[in-house]
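A.B. asks: Just passing along the structure, written as structure tokens.
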Amino acid sequence: MAEPRFAVEAEGLRKRYGGPRDGTQALDGLDLRVPAGTVHGLLGPNGAGKTTAVRVLTTLARPDGGTARVAGHDVVREAARVRTRIGLVGQHAAVDEVLGGRQNLVMFGRLYHLGTARARRRADELLERFRLTDAADRPAGEYSGGMRRRLDLAASMILAPPVLFLDEPTTGLDPRGRNEVWDAIRTLVDGGTTVLLTTQYLEEADRLATGISVVDHGRVIAEGAPDQLKARLGGDRIEVVLDDPGALSAAAGIVGRVASGEVDVDAEALRVGAPVTGRAAALTEAVRALDEAGLAVADIGLRRPTLDEVFLHLTDAGKSEKEVPA
Amino acid sequence: MSVQTLRWAVADGRTLTGRALAHWARRPGEVAVALLFPVMVVLMMGYLFGGQMDVPGGGSYREFIVPGMFALTMAFGVETTFAAVAGDAAKGVTDRFRAMPMAPSAVVVGRAAADMLHSVAALAVMAVCGVLIGWRVHDGIAGALAGFGLLLLLRFSLVWMGIYLGLMAKGPESVAAVQILVWPIGFLSSALIAPSTMPGWLGAIAEWNPMSATVTACRELFGDPGQAGTSWAAQHSVLMAVVWPLVIAAVFIPLSVRRYRAMGR
Ligand SMILES: Nc1ncnc2c1ncn2[C@@H]1O[C@H](COP(=O)(O)OP(=O)(O)OP(=O)(O)O)[C@@H](O)[C@H]1O
Ligand SMILES: [Mg+2]
């Protein structure tokens, strides 16, 4: 069978928990398309429906409505086929904490029907690859959070599945653990795996994902490449940080002249910021004008909006704080 | 179901039974405590209270309580099953299994097989300790085997009760709730005290308790001291020791299967 163009294709997924009145509409018409061989980020606040989406796509939960195909197979009608083509790392590391890392991988390998000898060989390969060989015989319950995650990841990779689902793979990890997991994910993607990743860390989506869907209230409210999403917030911004609070209003006037939109003044941080269109021209113009006015500048620069700003802007959380026209 | 599917179901069940055995190998201390606890109860009851207790119909109290303790151990096994099932569900291990292309039945079959093996080991240890304190099988090997068979039948039915409760639980912490359910059922029986010495209505409940059926039947089959009560249930204990577990299994097997399937809804 030819590889489908989209590794994950969901249309109008709906899923409700509880009754019609007191329940929660966890998925409310979710659409998703993930091209094969890419990393796609599912971004959203707590309760947005990310985990529910992953559970439906990995055959763990039955949708009330809509359809989804993973690796070319329907998640409801061909659940068994889907299960041979996916790996899942759930929100909480799901490994046997009493058994050692190697025992875990051999057990899962046998349950994937590799046979004992192949399951052993595969376990050793994966331990090596995820740098767990030294800890292979210690109980997984004694592993650090990062090691446990890597074991979890290794277990989901036993069949080298074409599609991998990772539900908040780095939540609760320190920066080092996070980097380890990111490296592991990048290696998998280089090998051709499609990854659907949910996260609350925008930095994570920014670094790993080629496409992002922002989810809220069980629906996709924005999608695109990280840069496209950022561009929707109004492109580049100029920011000036001053030494002297007295210079704030003069600086705001100068920045206002080069700006393409409203000027923000943060008196506490002694910072003046505004969106600009011509990047270099605006920067040189501002530097020259500030210098002429004799204002002492601590820092000046151009930057793109962070994904956090995009996120706050798009989801409810940010709407009440600031209304920015898209 | 094709032959291939069946073969995988058996293989997967065995893999998960092996998993439970590997747990024991990893935690021998825990296993030892679990096996020695009933022995301790027998010693405590037998030597501390033994002098105060009269067995209706005569005979040694220590010999009286050994079959009772066998059955109590089977009943308390519900907690072991429950904790394992609820723990796997809470930690997401069950979900990982469900998202894998393995036989869905293996999760429960593996659990049941492992718990039955555990119970066989527990009975063996207790039987040896029982013999050391004076318990004997008086009526031959066939009766003894039948008695142990009934005990394992009771345990088998309770495995399903444990699986069902474990699947229903919010987390392994609720094991306390299961204890609250199991302990009164365990003690309000003929296991350690003859129902004829209880207040009338309590004694009647105790005689109809499924636990008592197994205990009384075992005493009969082993030829151990202890008079059967006068109720119909006590008079037909061997029959009831077969019927009760079948009823329990008939209730909890379909409930468990339904609950397991409903995890996806
Ligand atoms: N098993 C369940 N029973 C009842 N309600 C549920 C269940 N699972 C999820 N929900 C509800 O559905 C909604 C979506 O939950 P979901 O777990 O998919 O969110 P999420 O985006 O993964 O959140 P988080 O970032 O906190 O993990 C929430 O309101 C949640 O309370
Ligand atoms: Mg979640």
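Please read every residue number as a count from 1 along the shown chain.
Cβ atoms here come from the backbone N, Cα and C positions, even for glycine.
So TrEMBL lists these for the protein:
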DOMAIN    B:29-263  domain 'ABC transmembrane type-2'
TRANSMEM  B:31-49  transmembrane segment
TRANSMEM  B:64-87  transmembrane segment
TRANSMEM  B:108-135  transmembrane segment
TRANSMEM  B:141-163  transmembrane segment
TRANSMEM  B:175-194  transmembrane segment
TRANSMEM  B:238-257  transmembrane segment
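For each listed feature, how buried is it and what is near it?
C.D. replies: Same-chain residues lying 6 or more positions outside the transmembrane segment (B:31-49) and placing a CB less than 8 Å from one of its CB atoms are 24, 61-62, 65-66, 69, 72-73, 76, 80, 118, 121-122, 125-126, 129-130, 133, 192.
Among residues of the same chain six or more beyond the transmembrane segment (B:64-87), those with a C-beta under 8 A of the stretch's C-beta atoms are 20, 34, 38, 41-42, 45-46, 53, 55, 93, 111, 115, 118-119, 122-123, 126-127, 130, 133, 135, 147-148, 151-152, 154-155, 158-159, 161-163, 165-167, 169, 171-172, 174-175, 178-179, 182, 185-187, 189-192, 194, 211, 214-215, 218-219, 222, 224-226.
Residues 9, 12-17, 19-21, 24, 34-36, 38-39, 42-43, 46, 60, 62-63, 66, 69-70, 73-74, 77, 80-81, 84-85, 148, 151-152, 155-156, 159-160, 162-163, 224, 256-257, 260 of the same chain sit 6 or more residues outside the transmembrane segment (B:108-135) yet have a Cβ under 8 Å from a Cβ within it.
Long-range Cβ contacts of the transmembrane segment (B:141-163) within its own chain (Cβ-Cβ under 8 Å, at least 6 residues beyond either end) map to 67, 70-71, 74-75, 77-82, 85, 108, 111-112, 115-116, 119-120, 123, 178, 210-211, 214, 217-218, 221-223, 238, 241-242, 244-249, 252-253, 255-256.
Sequence-distant contacts of the transmembrane segment (B:175-194) (same chain, six or more residues past either end, CB-CB distance under 8 Å): 45, 53, 55-56, 64-65, 68-69, 71-72, 75-76, 78-79, 82-83, 86, 162, 165, 202, 205-207, 209, 211-212, 215-216, 226-227, 229, 234.
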